[in-house]
Amino acid sequence: MLDSALAWLPRFLTHLSSERRLSSHTDVNYRRDLELFAQYCTKNGIDDWVRVDSQHVRTFAASEFRRGQSPRTIQRRLSALRSFCNFLLRESVLKSNPASEVQAPKARKRLPQTVDADQMARLLTFRTDDELSVRDKAIMELFYSSGLRLSELVGLDLADVDLRDRTVRVTGKGNKTRMVPVGRYAVQAITIWLGERSALAAPGEAAMFVSQRGGRLQQRSIQVRIERWAKRQGLGIHMHPHMFRHSFATHLLESSQDLRAVQELLGHANISTTQVYTHLDFQHLAKIYDQAHPRARRKS
């Protein structure tokens, strides 16, 4: 079923990556979601894309819920279907979008996992006796210092970090760029790493953080290294990169009570769907950051 429509899938995924600037991770998920919907339609005797209506989409969503899929996963699958149908509308394959009015069950908000300031200090206090430990400390200090996403840190180039101004230029979701302050501890750790980086980096490699093979460090490698350090430092928890970001936001908000400053530093488009986005200039962000973040305060 839907073979003729799914033949448009490669062009749709190219559209996602080039025009909408969505990540390769989103590409993989959307492909899987659309193929799953196609399988569902085939099983239910729907042999032509134009025969798909909103009731079919609702039934698909309900079947996914009965199958034990989370509301968040169902929301993503419906989003993939809506986006693909909009693409087919633009290409004149469809005359209407059968998924446009279908809503998934509301997802329960999960509280983000964080570590407290004492745990973070324990994690970040270790001897750096080789290039990899120097690199890992710089990575973790920067994660906690600046609240970066894993993909943002992996994508950093040498030119993105200005140690003199203590800032980093980050390319976030939707290819949006923001400037984020870098704390004193992270500046120190990155400075030491830059002194060791040439021992690992391949000639001409632009990436800030590189692997033993000399190329850009990959996300999975960072995940494994962080989990290993958390175990070695006795944290007793499953540590993953996004916990640095959650902890950054939580600790900063606890100290500053400035929700909009934290929103800007994290690169979030909105505080919530009901609150109006408020722009803060970078000088104000830097001031809030210097006053509030545990590892950014300057020595007096």
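Note: Cβ is positioned from N, Cα and C throughout, glycine not excepted.
Nobody curates TrEMBL annotations by hand; they come from automatic prediction.
Copied over from TrEMBL, here are the features:
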DOMAIN    3-89  domain 'Core-binding (CB)'
DOMAIN    110-290  domain 'Tyr recombinase'
ACT_SITE  Arg149  active site
ACT_SITE  Lys173  active site
ACT_SITE  His242  active site
ACT_SITE  Arg245  active site
ACT_SITE  His268  active site
ACT_SITE  Tyr277  active site, O-(3'-phospho-DNA)-tyrosine intermediate
Cα nearest Lys173 (active site) among active-site residues (Arg149, His242, Arg245) -> Arg149
Arg245 (active site) sits from Arg149 (active site) (Cα to Cα, rounded, in Å) at a distance of 7
Checking the active-site residues His242, Arg245 for other Cβ atoms within 10 Å of each Cβ, the smallest tally belongs to His242
If you tally other C-beta atoms within 10 angstroms for each of the active-site residues Arg149, Lys173, the top scorer is Arg149
Checked against DSSP, the composition of the domain 'Core-binding (CB)' (3-89) is 69 helix, 0 strand, 18 coil
